[in-house]
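Annotated in TrEMBL:
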| type | residues | note |
| --- | --- | --- |
| ACT_SITE | B:D127 | active site, proton acceptor |
| BINDING | B:G10 | diphosphate binding site |
| BINDING | B:T125, B:I126, B:D127, B:R162, B:M169, B:G170, B:R171, B:E221, B:R266, B:H272, B:V273, B:Q274, B:R275 | substrate binding site |
| DOMAIN | B:2-298 | domain 'Phosphofructokinase' |
| SITE | B:K124 | site 'Important for catalytic activity' |
Protein chains: 4
Amino acid sequence: MRVGVLTGGGDCPGLNAVIRAVVRKGVSEYGYDFVGFRDGWKGPLEGVTTELGIPQVRGILPRGGTILGSSRTNPFKVDDGVERIKANLAELGVDALIAIGGEDTLGVATKLHDLGVNVVGVPKTIDNDLNATDFTFGFDTAVNIAMEAIDRLHTTAESHHRVLVVEVMGRHAGWIALHAGLAGGANVVLIPEKPFDIEQVCALVERRFEDHFAPILVVSEGAVPVEGGEMSLVSGEKDAFGHVRLGGIGDRLASEIEHRTGKEARAVVLGHVQRGGTPTAFDRWLATRFGLHAIDAVHDGDFGTMMALRGTHIERVPLIEGTGELKLVDPAEYAEAEVFFG
Amino acid sequence: MRVGVLTGGGDCPGLNAVIRAVVRKGVSEYGYDFVGFRDGWKGPLEGVTTELGIPQVRGILPRGGTILGSSRTNPFKVDDGVERIKANLAELGVDALIAIGGEDTLGVATKLHDLGVNVVGVPKTIDNDLNATDFTFGFDTAVNIAMEAIDRLHTTAESHHRVLVVEVMGRHAGWIALHAGLAGGANVVLIPEKPFDIEQVCALVERRFEDHFAPILVVSEGAVPVEGGEMSLVSGEKDAFGHVRLGGIGDRLASEIEHRTGKEARAVVLGHVQRGGTPTAFDRWLATRFGLHAIDAVHDGDFGTMMALRGTHIERVPLIEGTGELKLVDPAEYAEAEVFFG
Amino acid sequence: MRVGVLTGGGDCPGLNAVIRAVVRKGVSEYGYDFVGFRDGWKGPLEGVTTELGIPQVRGILPRGGTILGSSRTNPFKVDDGVERIKANLAELGVDALIAIGGEDTLGVATKLHDLGVNVVGVPKTIDNDLNATDFTFGFDTAVNIAMEAIDRLHTTAESHHRVLVVEVMGRHAGWIALHAGLAGGANVVLIPEKPFDIEQVCALVERRFEDHFAPILVVSEGAVPVEGGEMSLVSGEKDAFGHVRLGGIGDRLASEIEHRTGKEARAVVLGHVQRGGTPTAFDRWLATRFGLHAIDAVHDGDFGTMMALRGTHIERVPLIEGTGELKLVDPAEYAEAEVFFG
Amino acid sequence: MRVGVLTGGGDCPGLNAVIRAVVRKGVSEYGYDFVGFRDGWKGPLEGVTTELGIPQVRGILPRGGTILGSSRTNPFKVDDGVERIKANLAELGVDALIAIGGEDTLGVATKLHDLGVNVVGVPKTIDNDLNATDFTFGFDTAVNIAMEAIDRLHTTAESHHRVLVVEVMGRHAGWIALHAGLAGGANVVLIPEKPFDIEQVCALVERRFEDHFAPILVVSEGAVPVEGGEMSLVSGEKDAFGHVRLGGIGDRLASEIEHRTGKEARAVVLGHVQRGGTPTAFDRWLATRFGLHAIDAVHDGDFGTMMALRGTHIERVPLIEGTGELKLVDPAEYAEAEVFFG
């Protein structure tokens, strides 16, 4: 049996842990051969491979990134993409494929499986917004990094009477903001699922100063003001190059708060620091177990499935479950946390 | 409504997060009054209290230890212990008690509840060996600390051709050893649930050197050799003061391996470093949610219960469930990890 | 003897360590009394004090911020500022003042000393740009935080073929950028002392991709393009509120590189995370020793001096030396590091 | 020009940073060739080499250990050792040698230089006990690791009324204990330079409990009781295998204190965790600069020298200076810190 492995989408701590577990168990327990595909779906599409065996996975458990590289290539957007993948797999003698990735990568995996390719999926997103699983690996690392940043900002906020805004990842779902905000003791947490009212935010800021404390706000990159929220600076105007990235929501919020309240406000934009580097123990444990169970699924011929954490167990669920709707922040869990906000 | 809060047993990162959540929600949502009891059951037994309100819980979320102090006092081993507690609670006007602790503390809570005291429990053990809950807070912190130590030892083991033994906590259950060993990429993990054969351990050590790699062993403090295992140094001989602590299992293993294999071996004993200091994000999230749900249980008059994590939900279970049998390491989960050992 | 203590300017890890050392030695060795002045020079100016003794400094060594608060108040910009300070000191019976702060705070200290106030200074700046001392406390912490961020970004840059730009503090001097870039293995380090040519920067970015590696750039917040450098996005245009802060140099560089090279580029802006939170061992050691020597200087009546690190010794130098010219990055030290850039 | 590089002695964070700097500058600025010698002096003695060039040093800056391996082989204790080294160097065409190591490794380097081998030394010891340099790399990392452990123990000591003993490295010199103890806020620091009186130590422990605080002691592995100090447990009795390692000074002190004061005492033995893993920014900066200056010394033909930090400058000093007397803890610096002890 020869198994191909690929990683797609953005970086996520734990990718290498999955690859290592797949290869270690595949070789030593099932006697499989492996082919590493480079750069996500680009690998099987263009037949770009790399050696993958015990020596290649040695020492990679604690390392960020992915030894296989990644990309956002979608073979369904390429002429004859599927045929080329099938031809390449056949030529390389690859019997099964383990695809490690997020919504897009697993979406491709789902369609390929429907078209007869033997695929097993491993879900990956630091945003934790996949429905089928309690948690995704990478999320715990991201939350800890954001929390440590908030920890560091607390004393500055207090001693120097400043408003501090921490922008964290989360384009569609506010899980990182909610968990990091809760764990870091933030005073305001703004998430994409719940458009914010800038006046209300500024009122909270002012009230906190009246109590002689300085506020820390955590905001998901995808947070937006309520309609008609009159937040001049988040209107999304483009710069000379058509980018709207210059000054993300963190910067804009800080400016707006400063302008409206007269309090000094500063933004911290953690960006890719949240997605890189060594994974936490939880993420290494989860990623490793996903890898062990994915190669078991290959061994059982249980294709079209992906791994999911349910409680402390790893289960297999249909790939389609991981690539349907996003898992947004549960309003009840947000409400529960609101006792700490404001 | 006046609620008493106490923390008992060994240190555990997240205790303060529970206390803070209980008080913040109790005050702002239910309008409760709080009484802090000092040093576990000693507090209500001797009527030693401390002020507990919003100002006292400010800034304690990231701090290790417990602002209430702790002890191992057991009121059932004291004359008239129960009567004295009841009298003190009555005198202080305390209507309900939230007891945060491990097996012993919750065992007392269970009996007191049977005797008519309004108690809600919050489970606490870094060992993660409570049956009713997926995880206990403190465990994730302990595992991360142990994993970081293992990470640091890897390059030394390789570059300097040494055997390194890391002794971690876990008197009865090997969860910390298993998770830290798995996350840290250890070569041997010895847990109390599975007595080890020193000859086999030494054989693994030697085999690894033959492959030109140096081994890292993780051992629970409660690990023991198989009967007739001929491990001269773990025979538990007492020192001049009747202590057997001088040279725990980590030191003894290192000495024994060095003696038998002729390879230099060194031990690291993390000890209380695993129980102290700031909690990880996961532990702060779990501890905070336990606190929020515990005060809800008080509000609902749902006494005799303790909080438990099931998947991503906090549930209430009868106190008795948390204080019955220990949750030992699942042999299947250990077997799953064994692909990485040796 | 009654000694006043104040902290001025921006946050800096180690402020509390200085305060603690001053008080611990002042009380236990010299039997002094202390008065804490709130919020920098605002404290003595407005007579706002806070209790300061052994109990107040307990446990503050590892904490960021300053228990005394801070501000940028300049008594020389206030009517009768000096007279009011003198009057308040007299009324409070304060014989000597220890002022902990940067250029501005020590500038005021220098002038007050000339006007007859007994002042001893302790230099403070995370930027490390004070001439009289080998290092200032806070700098080591800032460099480590920036380095850890760069460490995390490396694998992402490689695996995901992205340009990553890390903006670090340093308005006038590039010490943090240089040290963090050197320690983190950055490919380009841009500092205020050496205006950059955007074309050359983009050429380095492209050359590195040709070698199949992805570049990491570290840029001081005060870095500027060479004149005529044609960097459309760093022209400093103001936003609707007159701010130029929306999109600092980090964001602008990332956008410009993306625009010119067609490679995805992302910015990380660490901001105040670099100034807050617990100090490193080096900073605690340096800050503590500055505090011990400052109170010795008070005891010796050696006013008008500030503490300086020279090798491993703490020396006293005239205050004026710390408040003259900035210590900019030594071109030789930058040149030495250039072997790693590009 | 062909340059050999070797690393000898115990592990030390920063070894790889030196190797990388030597090679990067040697190749790109001087056009040198490199030969890596394996396992310290064993490499040139037995002619065991490994490829060493730009590809081999890529990515090693943040890694602990040494890519060249290490050993304690002393060619002067081997028949014809020097002749064999000279023959091997000649055969491999090695013109100069960079030896990175501690007292022993540099001692050999000194003698070899006297015998006509072109050697440049780079000093290495986490113990910081080399006379010629302000600091050695690795020391700052060790101190930070020990300090972080102490930070974690503080809240446990307080909340749980325990005596905690932290054993740190330092066989002959107490630098790690002193700096970590100072930075961590320890209550007692015991160093080899100053034999301790166990009765006095126990008196400090008891006095601290009377003040309602729990003590943390930091002890160098090489600390010893005063003569006639009646410390039954540090008498160094050997175990069945002739080892005295079972129960080092940390364990013995904890037992002795517990026995004498009746207070629970626990030991933490950090061991090799202090020597492994990623270096701090300071150590990477220092190690990198030592490497850059060492290859410059080779280029200048300035053999028989070693690198030393003086203030913020790297200087060359005769090898003999680094291998003479140890730099013990300065009694004045210890005395200065004593205000915090007890």
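Keep in mind that glycine also has a Cβ here, set from the backbone N, Cα and C atoms.
Automated prediction, rather than curation, is the source of TrEMBL annotations.
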**Request:** Just jot down the residues in the same chain as B:T125 (substrate binding site), at least 6 apart in sequence, with C-beta under 8 A of its C-beta; none if empty.
**Result:** B:G9, B:C12, B:G102, B:E103, B:T136, B:G138, B:F139
**Fill in**
When the recorded positions B:K124, B:R266, B:R275 are compared by other Cβ atoms within 10 Å, fewest goes to B:R266
**Prompt:** Secondary structure at B:R266 (substrate binding site) (DSSP, helix/strand/coil)?
**Reply:** strand
**Prompt:** For chain D, which of the recorded positions B:G10, B:K124, B:R266, B:V273, B:R275 fall under 8 Å by Cβ?
**Reply:** B:G10, B:R266, B:V273, B:R275
**Complete:** Using a 10 Å radius on the Cβ of B:V273 (substrate binding site), the other Cβ atoms enclosed count 25
**Request:** Note the mean pLDDT of the domain 'Phosphofructokinase' (B:2-298), expressed as a whole number.
**Result:** 93
**Fill in**
Check: min Cα-Cα distance from B:K124 (site 'Important for catalytic activity') over binding-site residues B:G10, B:R171, B:V273, B:R275 goes to B:G10
**Prompt:** Fewest other CB within 10 angstroms, which one of the recorded positions B:G10, B:D127, B:M169, B:R171?
**Reply:** B:R171
**Item:** Site extent for substrate (largest Cα pair distance over B:T125, B:I126, B:D127, B:R162, B:M169, B:G170, B:R171, B:E221, B:R266, B:H272, B:V273, B:Q274, B:R275, Å)
**Value:** 33
**Fill in**
Rounded to a whole number of Å, the separation of the Cα atoms of B:R171 (substrate binding site) and the residue listed as 'active site, proton acceptor' comes to 8
**Asked** At the level of the C-alpha atoms, what whole-angstrom distance separates B:D127 (active site, proton acceptor) and B:R266 (substrate binding site)?
**Response** 24
**Asked** At the Cα level, what's the spacing in Å between B:R275 (substrate binding site) and B:G10 (diphosphate binding site), rounded?
**Response** 8
**Request:** Report, in whole Å, the straight Cα-to-Cα distance of B:V273 (substrate binding site) from the residue listed as 'diphosphate binding site'.
**Result:** 12
**Request:** Return one of helix, strand or coil for B:M169 (substrate binding site), based on DSSP.
**Result:** coil
**Message:** For B:K124 (site 'Important for catalytic activity'), which of the three DSSP-derived states applies: helix, strand, or coil?
**Reply:** coil
